[in-house]
Each structure stands twice: as C-alpha cells, then as structure tokens.
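Engineer: Below you'll find the structure I mean.
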Amino acid sequence: MTQICLIRHGQTDWNKAGRLQGQTNIPLNEAGRKQASECRDHLSGGDWDVLITTSLDRARETGEIINEKMGLPMEVMDEFMERGFGEGEGLTREERRASYEGFDFPGMETEKDLTNRIMAGLAAILQRYPDKRILLVSHGGVIAAILKLFHLDEQQEVKLFNGCINNLHYSEDSWQVNGYNVIDHLSSPGA
C-alpha cells in the first residue's frame with residue numbers, strides 16, 4: 001500500500017490578508033514557519049521514505065522545515081503546484097467579489113487541466129514509490145481538488161487550514177482518504 005500524507009504549506013502574509021496566491025511565489029511568514037515546525041514535530045516519529053514539495057517558496061520552505069529532523073530525500077514535483085488563478089492572483093476576497101462574478105478569472109487554469117496535472121503527479125508517485133510512505137507538501141487548491149477527485153464532495157465547503165494534514169492510501173487500484181484537515185498538532189491553525 002502506498003501512503004501519502006498531504007500537508008498544506010504554512011501560512012503566508014497573503015493567506016493572512018485573504019489574498020489569492022495561486023502560482024505567485026509568496027514566502028512563509030513567522031506563523032507559517034511555526035506551523036511547519038509543529039508539522040515536523042508531529043510527523044518526525046513516522047517511518048517516511050521521501051518528501052515531495054513544489055518549487056513555490058511557501059511549500060518548499062515548509063518541506064525543508066519538516067525534513068530538518070528526518071533527513072529524507074526531497075523531490076520537487078510541480079504537478080502539485082497551486083492552481084493558476086490568472087487575474088485573480090493577488091486580490092483579496094473583497095476585491096475578487098467586487099471585480100468578478102463567481103470564482104472564475106481571466107487566465108485561470110481550467111479544472112480539467114488542474115485535474116490532469118494532479119493525476120499525472122499521482123501516477124508518477126505510484127510508479128516511482130510503490131508501497132512507500134510519502135510526505136507531500138502542497139497547496140490548498142490542489143489538496144481540495146485531490147479530495148474532490150476521491151468523492152469527498154461533502155467536505156468541499158470545509159476550509160483547509162495552513163499546516164493541515166490529509167492522509168491518502170492507495171491499495172487494490174483505488175485511493176482512500178483516511179484523515180482529512182487534521183489540525184490537532186497546530187497551536188494556531190491560522191488561515
């Protein structure tokens with residue numbers, strides 16, 4: 001059985017301000033570094049094989065902090081980079097509501113393209129790391145899309161907190177979600 005522990009990156013100043021980040025490269029803030037440290041302390045007792053992150057600073061730095069005590073091989077897989085939100089990136093919730101109807105922005109990555117990218121990434125993980133335990137630091141939009149792919153539609157409206165943990169298991173040709181939006185390891189979940 002292949003196991004993936006999906007971790008949402010720590011908080012950034014844009015998360016705190018309610019700005020849509022998408023693929024804009026925003027670093028962690030102090031609260032985000034603390035969340036990453038709390039993830040590290042929570043996960044360091046596990047028997048993990050590899051840590052995967054994206055090239056965006058907020059995910060990469062979260063992964064580096066988590067990996068400080070484990071010394072796992074690290075790999076960058078941009079198949080799990082946040083969804084591109086086009087002209088919506090950088091805007092606050094209020095600015096988005098005032099300028100756009102719904103959650104659809106010019107230049108935004110389509111749901112189909114996002115799904116294809118994520119599924120290619122999951123297939124690559126299964127090929128490279130069969131029956132391994134993987135830590136994967138990713139982004140809220142990607143994690144939500146993965147959960148939706150595996151029929152957790154009823155969870156769609158629940159906010160994924162920075163530093164949350166979500167567990168996926170692949171066995172007998174299917175994915176199962178075991179643990180969703182776990183935050184009991186965090187002193188302050190933040191945005």
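The backbone N, Cα and C atoms fix where each Cβ goes, glycine too.
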Engineer: Quick one: which of R58, R60 does TrEMBL put in the substrate site with R8, H9, G10, Q11, T12, D13, W14, N15?
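Structural biologist: When TrEMBL describes the substrate site, the candidate it includes is R58.
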Engineer: Once the DSSP letters are reduced so that anything not helix or strand counts as coil, what is E82 (active site, proton donor/acceptor)?
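Structural biologist: Coil, per DSSP.
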Engineer: Across all chains shown, how many C-beta atoms besides its own are within 10 angstroms of the C-beta of G10 (substrate binding site)?
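Structural biologist: Total other Cβ atoms inside 10 Å, all chains included: 31.
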